[in-house]
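S.K.: Pasting a structure here, questions to come.
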(Lines of atoms letter the chains of each structure in order from A and count residues from 1; the text may use other names and numbers.)
(Lines give C-alpha, C1' and ligand atoms only; values in the text may rest on other atoms or scores of the structure.)
Protein backbone atom coordinates (compact mmCIF):
# COMPACT_ATOMS: atom_id res chain seq x y z
CA UNK A 1 0.00 0.00 0.00
CA UNK A 2 0.99 3.64 -0.19
CA UNK A 3 4.32 4.57 1.43
CA UNK A 4 5.34 0.95 1.94
CA UNK A 5 7.50 -1.04 -0.46
CA UNK A 6 5.43 -1.93 -3.50
CA UNK A 7 3.33 -5.09 -3.63
CA UNK A 8 2.60 -6.17 -7.21
CA UNK A 9 0.46 -9.08 -8.33
CA UNK A 10 1.38 -10.90 -11.53
CA UNK A 11 -1.34 -12.98 -13.16
CA UNK A 12 0.61 -15.68 -15.00
CA UNK A 13 -1.10 -16.88 -18.17
CA UNK A 14 -4.50 -16.07 -19.62
CA UNK A 15 -6.84 -17.62 -22.18
CA UNK A 16 -8.90 -14.86 -23.78
CA UNK A 17 -12.63 -15.49 -23.45
CA UNK A 18 -12.39 -18.38 -21.05
CA UNK A 19 -10.31 -16.63 -18.39
CA UNK A 20 -11.61 -13.06 -18.74
CA UNK A 21 -13.62 -13.01 -15.55
CA UNK A 22 -11.06 -14.83 -13.43
CA UNK A 23 -8.27 -12.52 -14.60
CA UNK A 24 -10.46 -9.47 -14.00
CA UNK A 25 -11.26 -10.74 -10.51
CA UNK A 26 -7.56 -11.28 -9.78
CA UNK A 27 -6.91 -7.67 -10.74
CA UNK A 28 -9.85 -6.23 -8.80
CA UNK A 29 -8.99 -8.30 -5.74
CA UNK A 30 -5.38 -7.08 -5.91
CA UNK A 31 -6.67 -3.51 -6.00
CA UNK A 32 -9.31 -3.87 -3.28
CA UNK A 33 -7.05 -5.74 -0.87
CA UNK A 34 -4.02 -3.48 -0.82
CA UNK A 35 -1.71 -4.35 -3.70
CA UNK A 36 -0.29 -1.41 -5.65
CA UNK A 37 -0.24 -2.89 -9.13
CA UNK A 38 -1.37 -5.81 -11.24
CA UNK A 39 0.65 -7.16 -14.16
CA UNK A 40 -1.40 -9.08 -16.74
CA UNK A 41 -0.32 -11.11 -19.77
CA UNK A 42 -0.49 -9.08 -22.98
CA UNK A 43 -3.52 -10.97 -24.27
CA UNK A 44 -5.65 -9.84 -21.30
CA UNK A 45 -6.52 -6.40 -22.63
CA UNK A 46 -10.20 -6.76 -21.86
CA UNK A 47 -9.53 -7.44 -18.18
CA UNK A 48 -7.11 -4.52 -18.13
CA UNK A 49 -9.83 -2.17 -19.34
CA UNK A 50 -12.29 -3.31 -16.69
CA UNK A 51 -9.72 -2.92 -13.92
CA UNK A 52 -8.76 0.57 -15.11
CA UNK A 53 -12.41 1.55 -15.40
CA UNK A 54 -13.08 0.48 -11.80
CA UNK A 55 -10.00 2.40 -10.65
CA UNK A 56 -11.24 5.53 -12.43
CA UNK A 57 -14.64 5.23 -10.79
CA UNK A 58 -13.72 4.03 -7.30
CA UNK A 59 -10.26 5.54 -6.87
CA UNK A 60 -6.61 4.66 -6.62
CA UNK A 61 -3.74 4.79 -6.67
CA UNK A 62 -3.61 1.44 -8.46
CA UNK A 63 -1.78 0.52 -11.64
CA UNK A 64 -2.75 -2.15 -14.15
CA UNK A 65 -0.51 -3.03 -17.07
CA UNK A 66 0.12 -5.62 -19.76
CA UNK A 67 3.44 -7.45 -19.99
CA UNK A 68 4.64 -9.47 -22.97
CA UNK A 69 7.46 -11.20 -21.09
CA UNK A 70 6.08 -12.41 -17.77
CA UNK A 71 8.75 -15.08 -17.29
CA UNK A 72 11.46 -12.42 -17.58
CA UNK A 73 9.59 -10.10 -15.22
CA UNK A 74 9.61 -12.81 -12.56
CA UNK A 75 13.22 -13.80 -13.24
CA UNK A 76 14.50 -10.21 -13.11
CA UNK A 77 12.28 -8.99 -10.24
CA UNK A 78 14.28 -6.70 -7.98
CA UNK A 79 12.94 -8.08 -4.70
CA UNK A 80 11.26 -11.16 -3.29
CA UNK A 81 8.80 -13.33 -5.16
CA UNK A 82 5.88 -15.29 -3.70
CA UNK A 83 4.17 -17.87 -5.90
CA UNK A 84 0.72 -18.94 -4.73
CA UNK A 85 0.15 -22.64 -5.42
CA UNK A 86 -1.73 -25.46 -3.71
CA UNK A 87 1.54 -27.44 -3.71
CA UNK A 88 3.43 -24.85 -1.67
CA UNK A 89 4.28 -24.40 1.98
CA UNK A 90 1.37 -23.62 4.28
CA UNK A 91 0.54 -19.92 4.40
CA UNK A 92 0.22 -19.98 8.18
CA UNK A 93 3.82 -21.28 8.38
CA UNK A 94 5.49 -18.76 6.08
CA UNK A 95 3.44 -15.54 6.19
CA UNK A 96 5.47 -14.18 9.10
CA UNK A 97 8.70 -14.74 7.19
CA UNK A 98 7.35 -12.93 4.12
CA UNK A 99 6.18 -10.00 6.24
CA UNK A 100 9.49 -9.82 8.07
CA UNK A 101 11.49 -9.89 4.83
CA UNK A 102 9.32 -7.11 3.46
CA UNK A 103 9.82 -4.93 6.52
CA UNK A 104 13.54 -5.58 6.80
CA UNK A 105 14.59 -5.26 3.19
CA UNK A 106 12.34 -2.48 1.90
CA UNK A 107 12.23 -4.34 -1.44
CA UNK A 108 9.15 -4.64 -3.63
CA UNK A 109 7.24 -7.90 -3.35
CA UNK A 110 5.88 -9.77 -6.36
CA UNK A 111 2.98 -12.18 -5.86
CA UNK A 112 2.54 -14.61 -8.75
CA UNK A 113 -0.97 -16.01 -9.27
CA UNK A 114 -1.16 -18.86 -11.75
CA UNK A 115 -3.68 -19.50 -14.46
CA UNK A 116 -3.91 -23.08 -15.68
CA UNK A 117 -0.30 -24.08 -16.31
CA UNK A 118 2.63 -22.59 -14.45
CA UNK A 119 6.04 -23.78 -15.70
CA UNK A 120 8.45 -25.31 -13.24
CA UNK A 121 10.86 -22.38 -13.53
CA UNK A 122 8.34 -20.21 -11.65
CA UNK A 123 8.38 -22.66 -8.73
CA UNK A 124 12.14 -22.56 -8.87
CA UNK A 125 12.56 -18.81 -9.07
CA UNK A 126 10.03 -17.98 -6.33
CA UNK A 127 11.48 -17.23 -2.90
CA UNK A 128 8.37 -18.85 -1.47
CA UNK A 129 5.83 -21.20 -2.99
CA UNK A 130 2.83 -20.72 -0.73
CA UNK A 131 -0.39 -22.70 -0.40
CA UNK A 132 -3.50 -21.08 1.03
CA UNK A 133 -4.56 -24.58 2.01
CA UNK A 134 -3.19 -27.49 -0.02
CA UNK A 135 -6.64 -27.99 -1.51
CA UNK A 136 -7.83 -27.10 -5.01
CA UNK A 137 -10.06 -24.04 -4.87
CA UNK A 138 -9.58 -20.64 -6.50
CA UNK A 139 -6.62 -18.45 -7.32
CA UNK A 140 -8.80 -15.45 -6.45
CA UNK A 141 -9.56 -16.85 -2.99
CA UNK A 142 -5.91 -17.69 -2.39
CA UNK A 143 -4.80 -14.20 -3.37
CA UNK A 144 -7.45 -12.60 -1.15
CA UNK A 145 -6.49 -14.55 1.97
CA UNK A 146 -2.79 -14.05 1.30
CA UNK A 147 -3.13 -10.26 0.96
CA UNK A 148 -5.34 -9.98 4.05
CA UNK A 149 -2.75 -11.90 6.04
CA UNK A 150 0.25 -10.09 4.53
CA UNK A 151 -1.20 -6.72 5.49
CA UNK A 152 -2.78 -8.05 8.71
CA UNK A 153 -6.07 -6.33 7.90
CA UNK A 154 -4.54 -2.86 7.45
CA UNK A 155 -5.61 -2.97 3.79
CA UNK A 156 -9.24 -2.71 4.91
CA UNK A 157 -8.53 0.77 6.28
CA UNK A 158 -6.84 2.17 3.20
CA UNK A 159 -8.14 5.40 1.75
CA UNK A 160 -8.80 6.01 -1.93
CA UNK A 161 -7.93 9.12 -3.87
CA UNK A 162 -9.63 10.56 -6.96
CA UNK A 163 -12.73 8.42 -6.67
CA UNK A 164 -15.81 9.48 -8.60
CA UNK A 165 -18.06 7.47 -6.33
CA UNK A 166 -17.91 6.06 -2.83
CA UNK A 167 -20.00 3.30 -1.26
CA UNK A 168 -21.24 4.13 2.22
CA UNK A 169 -21.18 0.98 4.37
CA UNK A 170 -24.56 0.38 6.00
CA UNK A 171 -26.74 -2.25 7.63
CA UNK A 172 -29.30 -2.48 4.83
CA UNK A 173 -29.38 -0.85 1.44
CA UNK A 174 -27.11 0.39 -1.32
CA UNK A 175 -25.80 3.90 -0.89
CA UNK A 176 -23.32 5.37 -3.36
CA UNK A 177 -22.31 9.02 -3.12
CA UNK A 178 -19.75 11.34 -4.65
CA UNK A 179 -16.71 12.09 -2.46
CA UNK A 180 -17.98 15.68 -2.07
CA UNK A 181 -21.17 14.51 -0.43
CA UNK A 182 -19.14 12.40 1.96
CA UNK A 183 -17.18 15.36 3.23
CA UNK A 184 -20.26 17.43 4.01
CA UNK B 1 -16.28 -27.08 10.50
CA UNK B 2 -16.82 -30.48 12.05
CA UNK B 3 -18.37 -30.51 15.56
CA UNK B 4 -19.25 -26.81 15.44
CA UNK B 5 -22.63 -25.45 14.38
CA UNK B 6 -22.93 -25.76 10.61
CA UNK B 7 -21.68 -23.06 8.27
CA UNK B 8 -23.38 -23.22 4.87
CA UNK B 9 -22.67 -21.06 1.84
CA UNK B 10 -25.53 -20.23 -0.52
CA UNK B 11 -24.59 -19.07 -4.00
CA UNK B 12 -27.53 -16.86 -5.01
CA UNK B 13 -28.22 -16.90 -8.74
CA UNK B 14 -26.30 -18.49 -11.60
CA UNK B 15 -26.17 -18.05 -15.38
CA UNK B 16 -25.19 -21.40 -16.94
CA UNK B 17 -22.13 -21.10 -19.16
CA UNK B 18 -21.19 -17.59 -18.14
CA UNK B 19 -21.05 -18.21 -14.38
CA UNK B 20 -19.85 -21.82 -14.32
CA UNK B 21 -16.33 -21.10 -13.18
CA UNK B 22 -17.27 -18.45 -10.62
CA UNK B 23 -19.93 -20.69 -9.09
CA UNK B 24 -17.51 -23.63 -9.02
CA UNK B 25 -14.91 -21.42 -7.34
CA UNK B 26 -17.45 -20.28 -4.74
CA UNK B 27 -18.15 -23.92 -3.92
CA UNK B 28 -14.51 -25.01 -3.84
CA UNK B 29 -13.57 -22.00 -1.71
CA UNK B 30 -16.39 -22.81 0.72
CA UNK B 31 -15.03 -26.36 0.98
CA UNK B 32 -11.35 -25.46 1.28
CA UNK B 33 -11.89 -22.70 3.84
CA UNK B 34 -14.00 -24.49 6.41
CA UNK B 35 -17.67 -24.32 5.41
CA UNK B 36 -19.65 -27.56 5.74
CA UNK B 37 -21.94 -27.22 2.76
CA UNK B 38 -22.63 -25.24 -0.39
CA UNK B 39 -26.14 -24.66 -1.72
CA UNK B 40 -26.28 -23.86 -5.45
CA UNK B 41 -29.17 -22.78 -7.66
CA UNK B 42 -30.77 -25.71 -9.47
CA UNK B 43 -29.33 -24.65 -12.86
CA UNK B 44 -25.74 -25.01 -11.59
CA UNK B 45 -25.50 -28.77 -12.03
CA UNK B 46 -22.16 -28.59 -13.79
CA UNK B 47 -20.54 -26.73 -10.90
CA UNK B 48 -22.11 -29.21 -8.49
CA UNK B 49 -20.44 -32.10 -10.30
CA UNK B 50 -17.02 -30.47 -10.20
CA UNK B 51 -17.33 -29.71 -6.49
CA UNK B 52 -18.43 -33.26 -5.70
CA UNK B 53 -15.62 -34.67 -7.81
CA UNK B 54 -13.03 -32.62 -5.91
CA UNK B 55 -14.57 -33.75 -2.60
CA UNK B 56 -14.33 -37.39 -3.69
CA UNK B 57 -10.69 -36.96 -4.63
CA UNK B 58 -9.44 -34.64 -1.88
CA UNK B 59 -11.74 -35.57 0.99
CA UNK B 60 -14.57 -34.28 3.11
CA UNK B 61 -16.87 -34.10 4.83
CA UNK B 62 -18.42 -31.47 2.56
CA UNK B 63 -21.87 -31.38 1.04
CA UNK B 64 -22.90 -29.76 -2.21
CA UNK B 65 -26.53 -29.58 -3.28
CA UNK B 66 -28.93 -27.89 -5.68
CA UNK B 67 -31.87 -25.87 -4.43
CA UNK B 68 -34.85 -24.77 -6.51
CA UNK B 69 -36.12 -22.24 -3.98
CA UNK B 70 -33.18 -20.21 -2.73
CA UNK B 71 -35.28 -17.27 -1.60
CA UNK B 72 -37.31 -19.56 0.66
CA UNK B 73 -34.15 -21.24 1.97
CA UNK B 74 -32.86 -17.85 3.09
CA UNK B 75 -36.22 -16.73 4.48
CA UNK B 76 -36.78 -19.94 6.45
CA UNK B 77 -33.18 -20.46 7.60
CA UNK B 78 -33.13 -21.70 11.19
CA UNK B 79 -30.24 -19.53 12.35
CA UNK B 80 -28.39 -16.35 11.42
CA UNK B 81 -27.81 -15.15 7.88
CA UNK B 82 -24.83 -13.16 6.60
CA UNK B 83 -25.08 -11.60 3.14
CA UNK B 84 -21.76 -10.59 1.60
CA UNK B 85 -22.12 -7.38 -0.39
CA UNK B 86 -19.93 -4.38 -1.15
CA UNK B 87 -22.71 -2.17 0.21
CA UNK B 88 -22.71 -3.77 3.66
CA UNK B 89 -21.11 -2.97 7.00
CA UNK B 90 -17.35 -3.31 7.15
CA UNK B 91 -16.22 -6.85 7.89
CA UNK B 92 -13.70 -5.65 10.45
CA UNK B 93 -16.56 -3.98 12.37
CA UNK B 94 -19.00 -6.90 12.47
CA UNK B 95 -16.97 -10.11 12.31
CA UNK B 96 -16.67 -10.28 16.11
CA UNK B 97 -20.44 -10.00 16.47
CA UNK B 98 -21.03 -12.80 13.96
CA UNK B 99 -18.51 -15.04 15.71
CA UNK B 100 -20.00 -14.30 19.14
CA UNK B 101 -23.55 -15.02 17.94
CA UNK B 102 -22.37 -18.30 16.47
CA UNK B 103 -20.67 -19.36 19.69
CA UNK B 104 -23.52 -18.27 21.95
CA UNK B 105 -26.50 -19.60 20.03
CA UNK B 106 -25.17 -22.85 18.58
CA UNK B 107 -27.30 -22.13 15.50
CA UNK B 108 -26.23 -22.85 11.93
CA UNK B 109 -24.91 -19.90 9.96
CA UNK B 110 -25.85 -19.21 6.34
CA UNK B 111 -23.51 -17.08 4.22
CA UNK B 112 -25.16 -15.74 1.08
CA UNK B 113 -22.86 -14.95 -1.84
CA UNK B 114 -24.51 -13.07 -4.68
CA UNK B 115 -24.21 -13.55 -8.39
CA UNK B 116 -25.11 -10.58 -10.53
CA UNK B 117 -28.46 -9.45 -9.14
CA UNK B 118 -29.53 -9.95 -5.54
CA UNK B 119 -33.11 -8.85 -4.78
CA UNK B 120 -33.70 -6.38 -1.99
CA UNK B 121 -35.45 -8.98 0.17
CA UNK B 122 -32.11 -10.72 0.71
CA UNK B 123 -30.63 -7.50 2.12
CA UNK B 124 -33.69 -7.23 4.33
CA UNK B 125 -33.72 -10.79 5.60
CA UNK B 126 -30.00 -10.99 6.33
CA UNK B 127 -28.98 -10.49 9.95
CA UNK B 128 -25.83 -8.85 8.63
CA UNK B 129 -24.99 -7.37 5.25
CA UNK B 130 -21.21 -7.45 5.26
CA UNK B 131 -18.69 -5.82 2.95
CA UNK B 132 -15.20 -7.24 2.61
CA UNK B 133 -14.14 -3.75 1.62
CA UNK B 134 -16.75 -1.47 0.05
CA UNK B 135 -14.99 -1.85 -3.28
CA UNK B 136 -16.06 -3.88 -6.29
CA UNK B 137 -13.89 -6.98 -6.60
CA UNK B 138 -14.89 -10.65 -6.45
CA UNK B 139 -17.49 -12.66 -4.56
CA UNK B 140 -14.91 -15.45 -4.32
CA UNK B 141 -12.38 -13.13 -2.68
CA UNK B 142 -15.00 -11.75 -0.30
CA UNK B 143 -16.08 -15.25 0.74
CA UNK B 144 -12.48 -16.35 1.27
CA UNK B 145 -11.56 -13.44 3.53
CA UNK B 146 -14.84 -13.71 5.43
CA UNK B 147 -14.36 -17.44 6.15
CA UNK B 148 -10.72 -16.98 7.17
CA UNK B 149 -11.78 -14.27 9.62
CA UNK B 150 -14.85 -16.13 10.87
CA UNK B 151 -12.77 -19.18 11.75
CA UNK B 152 -9.72 -17.10 12.75
CA UNK B 153 -7.45 -19.31 10.69
CA UNK B 154 -8.53 -22.57 12.36
CA UNK B 155 -9.91 -23.71 8.99
CA UNK B 156 -6.34 -24.00 7.71
CA UNK B 157 -5.70 -26.78 10.22
CA UNK B 158 -8.73 -28.90 9.41
CA UNK B 159 -8.23 -32.54 8.55
CA UNK B 160 -9.86 -34.32 5.66
CA UNK B 161 -11.39 -37.77 5.72
CA UNK B 162 -11.75 -40.27 2.88
CA UNK B 163 -9.35 -38.48 0.54
CA UNK B 164 -7.98 -40.43 -2.40
CA UNK B 165 -5.03 -38.06 -2.72
CA UNK B 166 -3.20 -35.63 -0.48
CA UNK B 167 -0.91 -32.77 -1.45
CA UNK B 168 2.27 -32.61 0.62
CA UNK B 169 3.19 -28.96 1.25
CA UNK B 170 6.76 -28.25 0.21
CA UNK B 171 9.20 -25.50 -0.72
CA UNK B 172 9.51 -26.41 -4.39
CA UNK B 173 7.72 -29.04 -6.41
CA UNK B 174 4.39 -30.81 -6.68
CA UNK B 175 3.98 -33.85 -4.49
CA UNK B 176 0.70 -35.71 -4.36
CA UNK B 177 0.43 -38.99 -2.44
CA UNK B 178 -2.27 -41.38 -1.30
CA UNK B 179 -3.28 -41.09 2.38
CA UNK B 180 -1.65 -44.52 3.00
CA UNK B 181 1.74 -43.24 1.91
CA UNK B 182 1.34 -40.29 4.25
CA UNK B 183 0.90 -42.51 7.29
CA UNK B 184 4.03 -44.54 6.64
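Yeah, the Cβs are placed from backbone N, Cα and C, and that goes for glycine too.
Feature annotation from TrEMBL assigns S-adenosyl-L-methionine binding site to A:84, A:114, A:115, A:116, A:117, A:118.
I'd like to know what surrounds each of these features in this structure.
M.R.: In the three-state DSSP classification, residue A:117 (S-adenosyl-L-methionine binding site) falls within coil.
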S.K.: For the binding-site residues listed here, A:84, A:114, A:115, A:117, A:118, which shows the highest count of neighbouring CB atoms within 10 A?
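M.R.: Within the set of binding-site residues, the most crowded position is A:84.
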